[in-house]
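Worksheet for the structure shown next.
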Amino acid sequence: MQSGFALIEAGAVRAKNVTNILIKNLLDACVGALVYWACGFAFAFGEYSSYSYANRFIGHKHFFLSYPDYKSPSIDNYPVRVFHGGSFYGEFFFNFVFAATATTIISGALAERVEFGAYLVYGIIASGFIQPVTVHWAWSNGWLVYPPESLKLPPAVWYRDYAGGGNVHAVGGIAALVSCIFIGPRLGRFSAKTGEKVHIPGHSTPLTCLGAFILFIGFLSMVLGHGQSVAQGVTNLTLGGAASGLTSMMIVNLEPKVVDWWKYTIRSNSIKAGMVSMCAGCDVLEPWGAVIIGIIVGFAFYYVEHFLIHMKVDDPVGSVAVHLVGGVIGVLLAPVFAKKEHEYSWIHWKGCDYDCVSDSVNSTCLYSTSFAGDASEGKRALHPNWQNGDCLYTPFHQFAWQLVGILAILSWTIVCCIPLFFLLWKLRVLRVDADTEVRGIDIAYHGEPAYPIAAQGHGWDNEGEFSVSNLADGKTGGGRRDVKALLNPHEAESWEGMNPEAGLVALAIAYREKYYKNPYANGICDGMEATIAPTLVLSTEF
């Protein structure tokens, strides 16, 4: 995960800030590991043998990985609802990576302008406190995975998020949005006169593409590490990501007025959004349901990204749209398209004749009022207020509880992030100064560019048959090539006749005039000039 994020973010920023973004990704792992060791794991997975109001919200055991007698978080008279098959230290490592991922999402959104000290502050708080609390709610024995019985929810209803669509990706996405609002856009991102967006290209599309492939492997590992429904999980993850990526690409191709920037970046980002949407329910989804969710996320990602730009929210790597949109949609739609063996599946609901309470032995109802609860069956005793013949409406309660869960997670993150980033902004330590931002953070803060000019070049006079001295005969002024030289650089004549002040388009027009028949000559086009203007003025907005 960290390798993929590092490459994607490095390719998406300008060369003057690559060292800075790589160091931050490296520190996400280093700082995150120590913080999660100190307190994050304790807040997320404190061990309990009973259920009380004190531990519904946050854990408070295993600080500094003390008392390594870890057991799956559970509650008396309840089955274990979230699978934890690893050892104590295995659980720590696996979940530390999730916490580091949430922090990295914020880092990408603030790229090219955030102060290094501010990054360390929010990184520590996000990975050590904000994200672990949501993990306790959803993956340990918190109130989302074990809802209060006073709510009278059906036995099969509890918050379901298999691989962190909500408590990892949505947490990182909403935190990134809050941080972007406080820090503001990069200098030059929006025109000071008209307010129109100005394209700031990343320096390496190959790095971004390679990072997307590596991140794909990271997403698969998030599924494999849980150890349940592995084959189904990786299948749905692949299908959802592919469907989302192709959907966004089709939207781009069908809307030719979209700025060129979208054509180069939206594809890999939308694939990530599709994979994020699979995290919540990839273990239970119908494969065709995964494709439908991927298509929905592809549309949502595209238009949310446009809306953010319209609102002048500058997110250089698309963290908000990828992780917030994918995470929220995935959490909400997971129970809708679940397979038919899951009684909370919306599309396979059999109606009240099946989803009901009855004491009859021959009844098709799932539960009886006398059922005492059997952990091996994954069920518990019914609420005492349920009566014989009651319809449970399990799928609808499940969707409602998913909605409650994701809103609670988003609200918690917002409540924590607003004072954090407000304080950093108020103290003027959130953003680098304008001079450093324009000239680049690498040299000012790290003293090392990613691509030092002094390290380029070599000590040989030529490069074999491609040597400029072999191609130029002194007529072109320094051996600069024209368009023909791009096609066949081995012949010296290809370097002749170049206008050193012209751009590639001007060279193409000159090449056409030199080597192709002029359609305006010899009276072919009467009333028109026989020649085309030899010069071409290129606007800066081309």
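In case you wondered, yes, glycine gets a Cβ from its N, Cα and C as well.
Because TrEMBL annotations are produced automatically, they should be read as predictions rather than curated entries.
Copied over from TrEMBL:
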- 1-451: domain 'Ammonium transporter AmtB-like' (DOMAIN)
- 26-46: transmembrane segment (TRANSMEM)
- 92-111: transmembrane segment (TRANSMEM)
- 118-139: transmembrane segment (TRANSMEM)
- 162-184: transmembrane segment (TRANSMEM)
- 205-224: transmembrane segment (TRANSMEM)
- 287-304: transmembrane segment (TRANSMEM)
- 316-338: transmembrane segment (TRANSMEM)
- 399-425: transmembrane segment (TRANSMEM)
What else in the chain is close to the transmembrane segment (92-111), if you only count residues 6 or more beyond its ends and a Cβ gap under 8 Å? 1-2, 5, 8-9, 12-13, 17, 21, 24-25, 28-29, 32-33, 35-37, 40-41, 44-45, 65, 86, 119, 122-123, 126-128, 130-132, 135, 139, 164, 167-169, 171-173, 175-177, 179-180, 183, 222, 225, 315-317, 319-320, 323
Check the transmembrane segment (118-139) against the transmembrane segment (399-425) for contact, please; criterion is three or more CB pairs under 8 Å, pairs 6 or more apart in sequence. yes
What average pLDDT is reported by the model for the domain 'Ammonium transporter AmtB-like' (1-451)? 86
